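Since the structure comes first, as structure tokens, the remarks are kept for the end.
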Amino acid sequence: MMDSGVPLCSACGESVGFSNAAKEEFFVACHGCNYPLCSTCVEEEIREGRDCCFRCGEPYARNAPEKVSEETSKNEDSGVRLRSTVRPHDYEENGGHARNSSNLSMIESEINGESGNPLWKNRVDSWMEKKNKKKSAKKVEKAEIPVEQQMENFEPLEAGEPLSRIIPLSPNKLTPYRAVIIMRLIVLGLFFNYRITHPVDSAYGLWLTSVICEIWFAVSWVLDQFPKWSPINRETYIDRLSARYEREGEDSQLTAVDFFVSTVDPLKEPPLVTGNTVLSILSVDYPVDKVSCYVSDDGSAMLTFESLAETAEFARKWVPFCKKYSIEPRAPEFYFSQKIDYLKDKIQPSFVKERRAMKRDYEEYKVRVNALVAKAQKTPEEGWIMQDGTPWPGNNPRDHPGMIQVFLGHSGAHDIEGNELPRLVYVSREKRPGYQHHKKAGAMNALVRVSAILTNAPFILNLDCDHYVNNSKAVREAMCFMMDPEVCRDVCYVQFPQRFDGIDRSDRYANRNIVFFDVNMKGLDGIQGPVYVGTGCVFNRQALYGYGPPSLPVLPKSSFCSSCCCCCGGSKKAAENQNDVYRDARREDLSSAIFNLREIDNYDDYERSMLISQMSFEKTFGQSTVFIESTLMENGGVPESVNPSTLIKEAIHVISCGYEEKTEWGKEIGWIYGSVTEDILTGFRMHCRGWRSIYCMPTRPAFKGSAPINLSDRLHQVLRWALGSVEIFLSRHCPLWYGWGGGRLKGLQRLAYINTIVYPFTSLPLIAYCTLPAICLLTGKFIIPTLSNIASVWFLGLFISIILTSVLELRWSGVGIEDWWRNEQFWVIGGVSAHLFAVFQGFLKMLAGIDTNFTVTAKATDDNEFGELYVFKWTTVLIPPTTILIVNFVGVVAGFSDALNSGYESWGPLFGKVFFAMWVILHLYPFLKGLMGRQNRTPTIVVLWSVLLASVFSLLWVKIDPFINNSNGTTKSEGCISIDC
């Protein structure tokens with residue numbers, strides 16, 4: 001019967017039969033999911049009171065077979081029906097038929113014999129059985145509840161209201177902004193038309209170089225500007241979230257969240273900094289049984305382990321204190337260092353006494369941690385020894401076993417008031433020589449697997465070790481999006497802006513990145529969502545597993561019936577529609593790791609059994625039954641079938657160094673490998689699958705961190721980011737050519753991603769452009785011919801449009817002009833230094849295989865306020881901008897000297913050249929201040945290299961063109977000879 005192509009009834013195993021006497025179409029009992037039942041079994045189901053499909057809940061076809069046939073033909077003529085994509089957890093939610101699961105197992109056994117996948121079959125059977133019991137229990141409960149009680153339990157109106165809303169910009173701000181952008185685009189076209197059609201013959205090389213640079217700058221502006229076309233703001237309603245999911249007298253229905261904190265070197269990322277981050281997480285305003293904190297120690301340092309134990313002990317006092325008095329922020333170092341009136345809004349008389357006691361306890365905690373740090377400065381020859389006398393397993397950070405320690409949690413220590421504390425877990429993944437560990441991305445993927453084994457919260461919030469929770473309600477802010485049914489369907493993550501402490505008041509090196517976080521990210525939020533910036537982000541765990549969003553179109557129904565209809569002359573239009581849907585839904589390079597699992601519900605029993613028999617979850621997720629089962633649980637939680645005593649052993653297994661071998665980790669699922677900026681790459685892959693992200697900016701910043709405020713560390717941080725962008729550009733994931741197949745990445749979103757990976761290449765034309773003023777001043781030539789009236793109009797219009805665009809952008813974003821100017825300055829500073837080195841290092845890595853090992857940026861600061869700002873560290877990145885500064889200074893001096901000797905007629909051309917040079921010097925002024933430092937002293941090596949390069953450059957030019965001819969054909973030296981000097 002299988003060979004005949006007739007679907008089998010899932011209840012009795014017989015053929016489903018035909019819907020008409022002509023035997024042209026098979027009988028369809030449910031048009032919602034094509035669940036295979038014969039007409040006899042359908043009638044029996046209806047007689048027993050089960051008139052709805054047990055899988056999807058839609059009513060069975062009660063009418064005659066002829067009407068069923070008519071409806072089926074209509075559906076086929078109108079093309080394939082689009083519906084929500086079925087993910088693995090959707091399959092569970094829809095509720096499969098128990099008889100279907102047993103029949104499925106039987107068919108698969110017949111086909112595959114002993115080579116089938118019993119893990120999958122047993123899981124399907126258990127899911128369906130549990131779901132059937134839950135559904136039947138709900139029906140009985142609903143029938144027994146009186147009408148009066150149902151009315152009493154009816155949700156209030158407030159609980160049904162949206163948890164967030166979009167606040168579009170006022171047309172008074174947005175319309176002029178867009179008009180100026182269009183005007184600037186038109187003026188740019190006219191400007192380039194003039195520049196290209198009016199070459200400078202006397203300085204053709206300089207003119208050509210300047211035009212090429214200007215064209216590149218224009219393209220960069222387009223890539224940066226147009227993704228900001230539709231900026232939006234958002235507003236959340238935390239009170240509505242509580243009203244809906246936290247009823248008085250009932251258990252909280254808020255969804256659980258797993259926090260990830262990553263650290264590597266405790267000597268560069270001080271344990272006190274990490275400890276404050278952990279303490280702020282453990283004390284968030286969220287149900288304690290819904291919070292778990294996982295700390296990844298990728299350096300396997302016993303210092304991190306022991307300091308985390310001290311942190312767990314101090315948390316027993318700190319967490320109840322925070323929640324009792326609702327203090328903010330809940331990182332003790334930053335709370336006690338606030339220069340504000342801490343008695344404001346405090347009415348409990350015991351607060352002052354308890355605050356003093358808590359501050360004393362925190363000082364004692366700091367002394368204990370600092371003692372551990374002092375002890376760790378020198379490693380013993382025999383390695384570190386634990387308190388029980390056994391050697392520390394992680395003495396060799398490159399060759400050690402996996403380690404997991406649960407400090408707090410359901411079975412761990414309670415706080416001093418006897419209340420339960422959130423779970424705190426220490427994780428150090430296994431490392432062995434010969435394995436690729438993929439740095440931070442590999443550590444984050446290890447945390448994904450460990451957390452799935454131990455807690456399996458549906459949402460994940462990752463933070464850097466130096467980013468503490470500044471707003472205790474930040475998780476609730478994110479849940480206003482993640483738990484709102486009207487919003488959350490396609491949301492892969494909620495990104496919060498980064499805010500920083502300890503930055504100098506003038507923000508000399510644009511550490512705050514205000515323009516990016518308050519302008520660019522708002523613009524992206526109006527398209528497909530902000531990019532992932534590596535920290536302060538709440539993920540949907542299912543998105544990390546490689547699944548697409550539920551709203552995507554699925555493959556058309558793959559039934560033998562439709563095949564027969566097509567063969568019998570189905571309409572050409574219907575076939576074209578099916579092809580269109582199939583093309584849109586193709587996975588190609590955008591596919592999730594489990595390439596056909598979400599479409600499993602589109603096949604009949606025989607086809608489904610063939611499909612399942614070919615699936616191998618182990619090839620995707622690795623050899624862990626517990627983890628595979630957890631990936632298919634929509635609402636999270638540990639699988640009921642798992643023995644709790646084996647969880648730690650299983651968690652150790654999933655962080656072994658060989659676990660990811662021959663799996664899709666880092667390729668299709670989890671944090672994506674291939675770049676030091678794994679954040680951009682991971683978010684890009686999610687957006688390519690059709691997900692969207694959300695930008696959340698609460699009034700009180702959700703998280704705050706530290707940033708390197710001295711020049712050298714700041715440039716190395718920018719170098720790392722730029723190198724990651726170059727690596728993505730040179731990889732198969734480059735937005736220029738990746739992800740076109742599915743059409744799920746919006747055009748403006750793609751422009752934004754292209755901008756994130758091509759901006760380092762702007763360093764090449766930028767360096768050339770910044771040296772042009774000095775060349776013009778030294779040679780007396782210029783890149784622009786004598787301006788006509790019309791040319792003056794184009795130049796003036798370009799400058800006015802640039803100014804208006806910036807002013808209107810600041811107007812709708814609320815960014816200050818000082819922040820904007822600092823951003824412009826550092827764009828030039830980073831462009832002529834770090835970005836240039838990133839381009840060369842990226843190509844060296846691709847062509848020669850020379851990898852650059854980056855050191856972790858130090859998180860500690862000087863004892864004096866902003867003392868770190870004046871710390872100077874030698875680095876080769878400083879040489880190019882220093883050379884540009886000196887060359888331009890020399891050019892300005894030479895230009896004025898020449899003008900003084902040449903008379904008044906040379907002052908006019910000199911003005912444009914000097915203005916050009918001063919534009920470069922003003923942009924590099926913060927860099928110049930950084931070179932001088934607090935004592936106004938510059939390292940000798942910087943001066944030597946810069947003077948050397950500037951001298952070589954100047955002498956080389958003099959050698960090439962030592963004199964400039966005047967209109968009479970005589971040289972200036974001859975003119976000078978004729979004058980009595």
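Keep in mind that glycine also has a Cβ here, set from the backbone N, Cα and C atoms.
According to TrEMBL, the active site annotation covers Asp298, Asp679. The feature UDP-alpha-D-glucose binding site is assigned by TrEMBL to Ser262, Lys268, Glu269, Asp298, Lys439. What TrEMBL lists as Mn(2+) binding site is Lys440, Asp464. For 8-63, the entry in TrEMBL reads domain 'Cellulose synthase RING-type zinc finger'. The feature transmembrane segment is assigned by TrEMBL to 757-778, 790-808, 828-848, 869-890, 910-928, 940-958.
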Number of other Cβ atoms within 10 Å of the Cβ of Asp298 (active site) across all protein chains: 23
Same-chain residue ranges lying at least 6 outside the transmembrane segment (910-928) that approach it to Cβ under 8 Å: 508-509, 711, 770, 772-774, 776-777, 782, 784, 822, 824-826, 828-829, 832-833, 881-882, 884-885, 888-889, 891-892, 895-896, 898-899
Folded-back contacts onto the transmembrane segment (757-778), same chain, C-beta under 8 angstroms, at least six residues removed: 203, 206, 209-210, 212-214, 216-217, 220, 223, 680, 722-723, 725-726, 728-729, 734-735, 828, 831-832, 835-836, 838-839, 842, 880, 884, 887-888, 890-892, 894-895, 910, 913-914, 916-917, 919-920, 954, 957
Cβ contacts of Ser262 (UDP-alpha-D-glucose binding site) (under 8 Å, same chain, 6 or more positions away): Val295, Ser296, Asp298, Lys440, Ala443, Met444, Leu447, Asn462, Asp464, Cys465
Integer Å distance between the CA atoms belonging to Asp679 (active site) and Glu269 (UDP-alpha-D-glucose binding site): 20
For Lys268 (UDP-alpha-D-glucose binding site), the number of other Cβ atoms found within 10 Å of its own Cβ: 14
Rounded inter-Cα distance in Å - Lys268 (UDP-alpha-D-glucose binding site), Asp679 (active site): 22
For Asp679 (active site): intrachain residues, at least 6 apart, with Cβ closer than 8 Å: Val531, Tyr532, Val533, Gly534
Maximum Cα-Cα separation in Å among residues Ser262, Lys268, Glu269, Asp298, Lys439, which the record lists as binding UDP-alpha-D-glucose: 16
Confidence summary (mean pLDDT) of the domain 'Cellulose synthase RING-type zinc finger' (8-63): 68
All-chain count of other Cβ atoms within 10 Å of Asp464 (Mn(2+) binding site): 23
Binding-site residues: Lys439, Lys440 - member with fewest neighbouring CB atoms within 10 Å: Lys439
For Glu269 (UDP-alpha-D-glucose binding site), the number of other Cβ atoms found within 10 Å of its own Cβ: 24
